[in-house]
Each structure stands twice: as C-alpha cells, then as structure tokens.
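Chemist: Positions annotated as transmembrane segment by TrEMBL: B:26-46, B:58-86, B:98-115, B:135-155, B:176-199, B:211-230, B:251-268, B:288-308, B:315-338, B:350-370.
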Amino acid sequence: MAKGVLVDITRCMGCKACQVACKQWNDLPSSNPEFKDGLTSPPEMDGYNYTTVFIEVVEDKKNNDYTIRSAKRQCMHCEHPACASACFAKALQRDPKTGAVVYYPHLCVGCRYCMLACPFDIPKYEWDKQFPLVAKCQFCFDPKGKYDRLGYGLKPACVDTCPTGALKFGERDELLKEAWQRINSDPKYIKHVMGEKEAGGTAWLYISDVPFTTFGFRPNLGTQPLPEYSHNFLKWTPIIAVGWGTLLTVLYHYTKRRQKVASESNKDVHM
Amino acid sequence: MSANKGLLKEIAEYKWRFTMTTTRKILLMLAGLGVACMIFRLATGLGMATNLNDKWPWGLWIGLDVLTGVALAGGGYGTAIIVHVLHRGKYHPIARSAMLTSLLGYLLVMAGLFMDIGQWFNFWRPFVSWGHTSVLFEVFWCVSCYTTVQVLEFGEILTEKVGTKYHNAFKKALPVLMIVGIVFPTLHQSSLGALYLIMVDKLYPLWWSPYLGLFFLISSFFVGPAMICVETGLAGRAFKHEVPIHVLRGLVRISGVFMVLYLALKIYDLSNRGVFNLVFKGNLEGNMFVLELLLGVIIPIIIAFSSMSSTRKGLITFGVLVSGGLILNRMNVVFTGMSASLGGWYFPSIMEWAVSIGLISIGVLAYCFIAENFNILDHDEHHHKATA
C-alpha cells in the first residue's frame, strides 16, 4: 500500500521546523538567508533545498481582513510521475511499495527533461557544480540505506518534527478519507483535496481554507496521468517504423523496375 | 593486397585543398572562440557558462542547436525519399549537397546536445538503461542511429577519393542505408515535437497540440527544399555552381503542397480544440503565432505557386522565409510558448551564443572543405567518374 502525507494548511504555523529537519536528515548544506516578501526563506526550492515553507498574506474579501497562511512544498510523489516517465535513463523511478519517487544519481545524464515534465515544478538542479545532479525530496526513502527512514518504518523527517500536526503520515487511502472528513465537518475548508486526482493522483495531499494557487499550485492541472500523453504518441513508433520501412522498400523496387522497363524499351528516361 | 596502398598512406598522399578567403578566416576565428568556450563549459559546469536556471532548464542550445538544427538538417531525408526511393532523377544534382548538409547538421546537433548535458561523461547511459517510456529515449536512439547511418552513407562519397577499394562495398550497402536513413528521421523529427506533449499544462495552447509530433514532422519535411534553396544560393556564389531553376522550382512546389497540408491541419487542430480565438487575441503569444504562420507558411505558399518561384530571387526569398519561419516556430515552442507558465527570466549568456555560433561556423567550414575535396556539387551519376 502506497504511503502518503496529509498537509492541513490551516494547521501550519510557518515555523519551518520541517525545512530544518529535511536539511539535517539529508546532509544538505546551509546557505545565507534570502527572503521573498520578507517571510519566505529560501524564496524557492533549489538544488540544496528539498522543501520550502511558503508564507503568504491572503486577503479575506468577505471580512475585509488579511490572514497569514503557510504551507510547505516538496515533491508530491505522483502515482504516475511525469518525471520518471520523461527520464530516458531511468534515473527517476517510483517505488511501488512506498510510493516514493526516487532519484538514482548514477543513472542521470543531466538532460533536465524531468524538470520541464513535472507539473509541480519540483526537480531542481545543482547549477553551481561541475557535474551537477538533479535534486528533489526523496520521501526520506533511500534504497541504499543511508538517508532511509521509510524503509525502517519511520515517518519522513519533516512529518516527525512537525509540532502542530499539520503534516500527517499514513496510508494514502486512509489519509484521503480523513481529508474529506475534515473538509465535510468544517465549512471553512475549500471542498477540494489537492493531489487526490491532480495529474493522476499524488502521495502528498493538501487541504486548505485559502486557494491552492496561493502556494504556487498550477490552476489548470488536469486529472489525466501525464505519462499517458507520451505513451499515446510512442505506441505508434513500432507500427510506423515497420510500415514506413516496408512502404519505402516497395516504392524503391517499384520505381527502379519502372525505370528499367522504360530504358529497355528505349525511351529516353532522364536519371 | 600489397599492390594496394594502406588507407592511412592514401589519405596522407591525397592532395587536400582548402582555399583561404576573408569569410573563412572570420569563420575560423568564430569556430576557435566557440571551441574555447566549449572546453570552458565542459570543465566548469553549466552554471558558470550559461544563464540557465531552475525555471529555464532548457535554453539556446536545446532550442536552436538541437530542435532547430535537426529540423533544418531534415533536407537530407526528404531528398533521399525523392531521389533514391522514388527515383526522380531530375533532382539528382542536389541530392549529395542536401545529404552533406544533413550529415553536418546532425553532427553539430550531437555536439550541441553534448554541451547541454550536465553529466556529459554519462551520455551513453540510455543505451543500457532503457527509459523507454520517455519520448527523449526515442529521440536519443534515432538521432544516434541516424547519424551513424549518415556517416556510412557519406562513406560512398568518401571512397570515391580515398580508400577506393572499399567503394563497392559502400555502394552495395547504399539502398539499405537509404531506407533505414529515412525511417529514423521520420520517427525522431516527430518525437522532437512530442517531447512537449507531456508539458500539457505548461506550453501555450496555440502550440501544444496532440498533433505536435506531426507538425514537427511535416515542417521538417517542407523546410528541406527551402534549406536547399538557401544553400545552393550560397554555394552557387562560393563555388560558381548553379543548380538549374526548374530543379529547385520542382522541389519548392513539393514543399508548397506540404505547407498547404500543414496549414490546413493547423487550422483544423485549433478549431477542434476551441482555441482559435487565441490567435487574434493580440497578446505576445498570439502575435508571434500569426507572425510565424504568415511569414513562414502563407507567404511562401504564394511564392511557391506563383511565377515568383521561377526566378532565383524568388527561390531564395522562399528559402529564407521558410527556414526563418521554422526557426521562429521552434523558438516559440521552446521560449514564447513556455514563458507564461515558467516565469522567471532567461536570456542566453555570451558563452552560450559563442558556442552556438562556433558550432555553426565549424559546420560551414566543414561543408566548404568537403565540397572542395569531394564530388558534392558536380557529380555525374551516369558515368560514375572516379575523379572530377
């Protein structure tokens, strides 16, 4: 059964403990603070930040008031990951047991197609390095063991450290039930679970009382798994290769023969 | 065997020619600058040499050197179909130069790709680690195989001059190579467009289309004759060799037919997806789309089917417009169509420009060198002359 995390944006207080825990567990280097709107730091995820807590001021038009909301973003660990289907060297693979989409650096060529394919703009690149690698949240799953938590039955570092219960780790389908329970029992929630169906469904699920676009989710994310678009194209490849090759061979012999017949009957054929 | 000279000795003893002109000196300088920047980039990484960033992971090298380069090099397979499969002998005079441009184009594309990958020593990985669900996997295999096939095809021309004892073997293999060499580009010209299928929520709807692959394929086919017009125009001046107008005009008309098809499919696709109104919205995307279709397709169609295509000036105008329109189209897919969803900022760095310009210069110089030393422009297929 695939695991998941439920993010309840209404319960997040923006303490960034998850961000710190992620850095510590994954041995990621620190950097000089840089802020967006004086609140969010670092302003974006990058090659050395797998997760960022985005803090936004949201206008409440009904009460003519402002509220602050915060939410962490990281890899959504899609059930049908576009990045993994886009990778031509299998450097990104989804672990069917945990649902974690894991990066295998030794297979990576560095083409960065995954970065463009991801509908959540997650994979980042170590631009400053001589031989850069792709960087993204691994769901604290590491088949090699060093950075593994999920494999040992532990929660991801970020969830483990969250002091308010804004992050909840568990079985994805159970979390989904709980998400809808919370939504239906409290009218403040938007009637939508981000990640339930987006791009075919993701392991990380978000519920919120402010629009999801506040935290950079694309408004037009479809529900069709993105790998299907590539598959619908690639499935024609063998048919076209064989069919076109055969047609060309036939045409080659036909036109050549026609030319030969024409020249034998002493017609002036310009070659 | 002892009567035969060794291949290396034969190459060493062959009298190579390379005339120095001012243009070539400038090209050599640009090529040298490009090579220096390439070495710098490979040694220091992408961050130092380029302006690429997390929002814009693909830039000039993918957009211009790869996506556009492959399409412009598409003249080779189009000509191969017409001359070697359909045996339309009238077009023979341009076959070799078209294929040479194509070969050089692909070699440059490979070089451009090599520059763009972060783990460049790992470039061979997809040959053993099969990410077959990726469209890029098809691009990678087809471009690699096709470049190999083209090098072998060129072997037939090469062995007319050096290594002559292998000439018959290459000649015999040619028909098979030709057909394999048409299937591969057909597959990957379309898959280059299909790379963007997965970016359904990112690429602006004027360019994203379920037929994106087909659009790339058709446009790579009709740009072939346009490139031949430009190329023979230039080569005609440089090597005092003129391709008869009726030959070029015939090709331009074939091209025109496919452009009408392309235009019709575009209009059908836009109205089918209900985004036709976006064309005349007046925003950047809409205007660029109109510009691309008007200059690159509609005006060239008029030229192709009017009396204008019976003059050299008309033919060269056609060539410049269609090639320019194709470059604009690929740039629109890579940049204009993506900018709204990616945000951020990207403009190629000086080094990125230097590498791209350097690669093109190397291509032009290689073309000149080969055209001077081998039977590219003047070759008589009737008598199979060994020397010219």
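Any Cβ shown, glycine's included, is placed from N, Cα and C.
Automatic prediction, not curation, is the source of TrEMBL annotations.
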Chemist: State the residues, same chain only, that lie 6 or more residues beyond the ends of the transmembrane segment (B:176-199) and have a CB under 8 A from a CB inside it; answer 'none' if no residue qualifies.
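Modeler: Non-local partners: 66-67, 70-71, 74, 76-77, 80-81, 84-85, 135-136, 138-139, 142-143, 145-146, 149-150, 152-153, 207-208, 210, 212-217, 220-221, 333, 338.
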Chemist: Can the transmembrane segment (B:315-338) be said to touch the transmembrane segment (B:350-370) if we require at least 3 CB pairs below 8 Å and skip pairs under 6 apart in sequence?
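Modeler: Answer no: the transmembrane segment (B:315-338) and the transmembrane segment (B:350-370) share fewer than 3 Cβ pairs below 8 Å.
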Chemist: Could you check if the transmembrane segment (B:350-370) is in contact with the transmembrane segment (B:211-230), meaning 3+ Cβ pairs under 8 Å among residue pairs at least 6 apart in sequence?
Modeler: no
